[in-house]
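S.K.: What follows is a structure written as structure tokens; I'll ask about it next.
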Amino acid sequence: MDQALVGMCVNERRFVKIPPKLAYGSEGVPGVIPPNAVLHFDVLLIDLWNSEDEVQIQTYFKPEKCPRTVQVSDFVRYHYNGTFLDGTLFDSSHNRMRTYDTYVGIGWLIPGMDQGLLGMCVGEKRIITIPPFLAYGEDGDGKEIPGQASLVFDVVLLDLHNPKDGIAIENQLVPESCERRSQTGDFLRYHYNGTLLDGTLFDSSYSRNRTYDTYVGKGYVIAGMDEGLLGVCTGEKRRIIIPPHLGYGEEGRGKIPGSAVLVFDIHVVDFHNPSDSVSITVHYKPSNCTVLSKKGDYLKYHYNASLLDGTLLDSTHSLGKTYNIVLGSGQVVLGMDMGLQDMCVGERRTVVIPPHLGYGEDGVEGEVPGSAVLVFDIELLELVSGLPEGYMFVWNGEVSPNLFEEIDQNHDGEVLLEEFSEYIQTQVDTGKGKLAPGFDFEKIVKNMFTNQDRDGNGKVTAEEFKLKDQEAREEHDEL
């Protein structure tokens, strides 16, 4: 038999015929093998090893990029099929649908596996063959693995990190113009793809067609992302690699397994700080710039509205008409009211409006995203001076001492809305009075009349009728 087994391969089957002189000779084995018996053996070789054997490693796939390999004390996540030398399967992480997660090189594994995992890249596939004295030895594991068994592990490495790791940042695109970088307390809007180290996608803001919006440096996101989002520019693209102790830890979350390294490819759309005010950049101002816009003025202007990343939202140029407002009357967002102050006709400026002075957290459905910073490129084309604050109508000359009698055309001691409206229209048409520009005539006149009609009966009497300067500290828009 010593001669017959030499040269055999695992899984080889041989029929061996042994004459008595090379077996048990003339004595045989009492009660079992008679004297001078020829022996026939049907042999199937299951396993073989030598005391001088070492761990054998056969890599059959290795990624082109291998920025990091497994070192002693690293924590790894891998899948494996475990077989004996004859191919019999004894264990598989694939069947359990869960990776095997462990430290390497510190005795958490059998010695042969500790050796066999060293130097692997994420995504690498290798076959690790371990002799029994570097595996479970003479006793086996007491379950599936018999004593003195060589073990073969077909391994694919999915993940690796070290408990000492911090986040890693790879800049993919940094805009040439970066006037401001994110700081603790800023509010960011960004898109991302979230994957595991092996490339498995677990989440994407693009698939939801909505940015992820959050404060940074305040604990609203995982610690690694809080750190990775600091120092970014609007428009920047970067990759943030986060070890599990700065991600979702040993437990994981949802589609993210426990102890997983996370990879986020982010694109910063915009950011602001809640303390930000409106930013104004003047590109052109006429040499003759004496009349500046103020609250109450009627303005006509062109604009292009966009997001910080350049996405166009709206443009008056495409509509072929100006946008017309009364400044400070609430007809536009507060930031635009602020940004249009102190402009002269012909001036061009860019106004950047943070969301708390724009459309806020809700935005405008289908038009402006929530929490978006707005950029307006503005050209003021026309300015009609408004009236002093609180006035809807002013006289251009002396006021008649018999004003009530003039309005009361039928001299019945009462002024109706129709009489009041006709009189105001006449004063405007003849240039004796001026209405606040930009408002609907009928609405202004009705408002003025209602303020005079103090008892609300639809009529104004001489006792009710007062000019603005006759008011005793009452806040009404009067004549």
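Each residue, glycine too, has its Cβ placed from N, Cα and C.
Per TrEMBL, the features are:
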- 1-49: domain 'PPIase FKBP-type' (DOMAIN)
- 73-161: domain 'PPIase FKBP-type' (DOMAIN)
- 185-272: domain 'PPIase FKBP-type' (DOMAIN)
- 296-384: domain 'PPIase FKBP-type' (DOMAIN)
- 395-430: domain 'EF-hand' (DOMAIN)
- 440-475: domain 'EF-hand' (DOMAIN)
- 452-479: region 'Disordered' (REGION)
S.K.: Mind checking which residues reach the domain 'EF-hand' (395-430)? Cβ under 8 Å, same chain, six or more beyond either end.
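M.R.: Distal contacts: 441-442, 445-446, 448-449, 452, 458-462, 465, 467, 479.
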S.K.: Summarise the domain 'PPIase FKBP-type' (296-384) as counts of helix, strand and coil residues per DSSP.
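M.R.: Counting residues by DSSP class gives 13 helix, 37 strand, 39 coil.
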S.K.: Within the domain 'PPIase FKBP-type' (185-272), how many residues are helix, strand or coil going by DSSP?
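M.R.: Computed counts for the domain 'PPIase FKBP-type' (185-272) are 13 helix, 37 strand, 38 coil.
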S.K.: Give me the DSSP three-state residue breakdown of the domain 'EF-hand' (395-430), ordered helix, strand, coil.
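M.R.: The breakdown for the domain 'EF-hand' (395-430) reads 18 helix, 3 strand, 15 coil.
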S.K.: Calculate the per-residue pLDDT averaged over the domain 'PPIase FKBP-type' (296-384) and state the result as an integer.
M.R.: 95
